[in-house]
Ligand SMILES: O=C(O)/C=C/C(=O)CC(=O)CC(=O)O
Ligand SMILES: [Ca+2]
Ligand SMILES: [Mg+2]
């Protein structure tokens, strides 16, 4: 307990300290912040006031420069923060730079370089396989040999709270002879974790080895990969998702560092067959993150990230094994988080089983896919050290009518 008087069980306690970018109504300027309890610390201002040499890295209203610095700088900053937030002697440089969290506007905290989305849940992949490809095996033959992914659209990654305009496009239900054009009628969500990559850019032709992947994993956000299932089902063969997913991807504003998630590491559920050597080693792990999906105020699902088949380190090793460069600001999604139980499915496609089994909300209404005006909020927590809780905050979005 320090002068900050933060309860030990606060989801944004001293064991968490996630990074984000905020502004206040006073001047609208974007600033790098660290969430501390119910406040946001203006990091550059605090660091400058205390005479910290590397304070400039937090100037400029984005985390880009800090992401590029790499693991040693991230660890040093965390230690510096924990020291400054607990030491009475530093109170003078911390206290004046704390802003109530309720008074800030949050922004996308970094420039998203490349965006990749994986498919790492065996339950999700099997469910979607059954729904989209009922005449084939649920899992494709490659699924347990490599973490399947596709390249998404980095410029449409948006921060929580941004409205999502219903996408328009082509779809062709099997019953129709020709495609039609119009607003999606099967708009869906995908509850995922997003991994924020940092450290120096790797060279073309180089790869990130599995053993070094953790040095490039700065932190984790909640990610909603909005998906227009009717557009997707018609367009995706044979090159994969395209316009059905590229119109918007929402992320939570606070990046929970991988350092804060050390105590949330768990063994993977088990990989059989053993992956090839470049995907095998002792730096694979799952994360004990409990996710919650809320639809217009009703919690409709509670996915558990520990059910995921592939480790985030394997995903990063795989996405660079061909020599593709890895850059600070790259973001990769885990893929939809679904468990074996119906109440743990991370998409409405699965929850409503392709629209056959409507989801009942607390207001008595029923849903299969999203309607205009609907709001979806993702939340998550993970265990921290000594019985503490690491909060992720929220990733929300409201659907607006097609234009
Ligand atoms: O199986 C398919 O054809 C498509 C699956 C998806 O839509 C999933 C995707 O975006 C990856 C994921 O979130 O797991
Ligand atoms: Ca996805
Ligand atoms: Mg998307």
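Cβ coordinates are placed from backbone N, Cα and C, and glycine is handled just like the others.
Checking the candidates 88, 225, 230 against TrEMBL: the one annotated together with 117, 190, 192 at the Ca(2+) site is 225. The binding-site residues considered are 232, 249, 336; of these, 232 has the fewest other C-beta atoms within 10 angstroms of its C-beta. Model confidence over the domain 'Fumarylacetoacetase N-terminal' (15-109) is summarised by a mean pLDDT of 96. Within its own chain, residue 117 (Ca(2+) binding site) has 149, 150, 152, 192, 225, 241, 245, 249, 332, 333, 335 as residues 6 or more apart in sequence whose C-beta sits under 8 angstroms from its own. Only 117 of the binding-site residues listed as 117, 133, 249 bring a Cβ under 6 Å of any atom of ligand 1; the order follows the sequence. Shown in sequence order, 224, 225, 226, 227, 333, 335, 336, 346, 347 are the residues of the chain, 6+ apart in sequence, with a C-beta less than 8 angstroms from the C-beta of residue 190 (Ca(2+) binding site). A simple way to gauge crowding: the CB of residue 225 (Ca(2+) binding site) has 26 other CB atoms within 10 angstroms, across all the protein chains here. Within the set 119, 133, 232, 236, 336 that the record links to substrate, no two Cα atoms are more than 18 Å apart, and one pair reaches that distance.
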